[in-house]
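Peer 1: Quick one: this structure, given as structure tokens, is what I'll be asking you about.
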Amino acid sequence: MTTTELWCDRCGDPAPAGTAHPGCASARELEPPRYCHRCRRRMKVQVLPVGWSAVCVEHGEIRG
Amino acid sequence: MPEILDQARTQVLGDGVGLDEAGVLAVLNLPDEHLPAALQLAHDVRMRWCGPEVEVEGIVSLKTGGCPEDCHFCSQSGLFTSPVRSVWLDIPSLVEAAKQTAKTGATEFCIVAAVRGPDARLMKQMREGVAAIKAEVDIQVAASLGMLSQEQVDDLVDMGVHRYNHNLETCRSYFPNVVTTHSWEERWETLRMVRDSGMEVCCGGILGLGETVEQRAEFAAQLAELNPHEVPLNFLNPRPGTPLGDRPVVEGKDALRAIAAFRLAMPRTILRYAGGREITLGDLGTRDGLLGGINAVIVGNYLTTLGRPATADLDLLDELKMPVKALSATL
């Protein structure tokens, strides 16, 4: 793992283009992210009735 | 008109007596050309025995992931390689979620935990959370915490939880193919205690777990025997890393047939759209189901996946001239 490599935030596999794979991107319309796209760590995700939050221990929180 | 629909018109629409297992199976086996008639009849039954109101609910996960059970559809089991991690929701965030839900016009807010059954920590969190919600938000509180002891049932009643969700998930004959860490009968026992406590019983399941159409009919008949206040109807949304992660989603027409059949089995219950409808039915199918027996929806997001925006469902209800059930009507 390098700091320049990017990961799919749904499946955690490499995504060098910096975006989710096409199939994953489609699924992500109805799912929050599960992996940090910067380091591949599994995030702690809380889904709420409106929105979600995802926390990477290294890279902090994102919300959607 | 197929004979089963003639029978249902007299028996279910006319007399309010639900179809038995054989009748449900006949509806589930109707050819496509008769599906519109089945949906129309189910809608007529819903309108006659339940009325035009739609009950709107929001749900939130109080404790996500790390569950010791092996429900094969569930991404929150700690026994599978699902990417879902364990996380707890704090009380201020729980109250905020209830406020968000109430803003949609919802009258129900269900607090859910991924557990076999609640431990002392979870019951303490529930007691504090329910009290905080009741102090700040005008909404009915329901709960779904797995299998309960009699003492825990009594505690939930004391907290003011008015409805308890515990899904049987599938029919008795297929359940061992879906869950091996506890039995269908253990779930039934919790439901019996909930019923006897005076709390409303919410019990449904998931279609598309690999059950046969005969087992789908068996499930509807077993739910009808339980006679729950509410039946949430989910359609499998295959989750990565779970044993059912590669299963196909239920065909839209089969999902609609099931909606009509379950309504004809249970003319008076609250039949709620729950998870999976977005991928199984899409927008058009969602509308068809609301005109085919459904009279309740979960709005907004689910526990680990996202739903349609609440406004999309509320706009649709407005277009269909289906009023959202008011809080006063549920008290």
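Quick reminder: no glycine exception, Cβ is built from N, Cα and C everywhere.
A TrEMBL annotation is a machine prediction, not a hand-curated record.
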Peer 1: Name the one residue among B:Cys74, B:Cys110 that TrEMBL lists for the same [2Fe-2S] cluster site as B:Cys202, B:Arg272.
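Peer 2: Looking at B:Cys74, B:Cys110, the one TrEMBL places in the [2Fe-2S] cluster site next to B:Cys202, B:Arg272 is B:Cys110.
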Peer 1: Using the Cβ center of B:Cys67, B:Cys71, B:Cys74 as the [4Fe-4S] cluster site position, which other residues in that chain lie within 8 Å, going by their Cβ?
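Peer 2: Filtered neighbour residues, in order: B:Glu69, B:Asp70, B:Phe73, B:Ser75, B:Gln76, B:Ser77, B:Ala114.
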Peer 1: Excluding B:Cys110, B:Cys202, B:Arg272, please set out which residues of the same chain place their CB within 8 Å of the center of the CB atoms of the [2Fe-2S] cluster site, keeping sequence order.
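Peer 2: So the extra residues in range turn out to be B:Glu57, B:Ile59, B:Glu108, B:Ala142, B:Ser144, B:Arg163, B:Asn165, B:Gly204, B:Glu230, B:Pro232, B:Ile270, B:Ala274, B:Ala296, B:Ile298.
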Peer 1: Could you please provide the mean pLDDT value for the domain 'Radical SAM core' (B:52-277)?
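Peer 2: Across the residues of the domain 'Radical SAM core' (B:52-277) the model's pLDDT averages 97 on the 0 to 100 scale.
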Peer 1: How big is the Cα-to-Cα gap, in Å, between B:Cys202 ([2Fe-2S] cluster binding site) and B:Cys71 ([4Fe-4S] cluster binding site)?
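Peer 2: Rounded to a whole number, the Cα-Cα distance is 19 Å.
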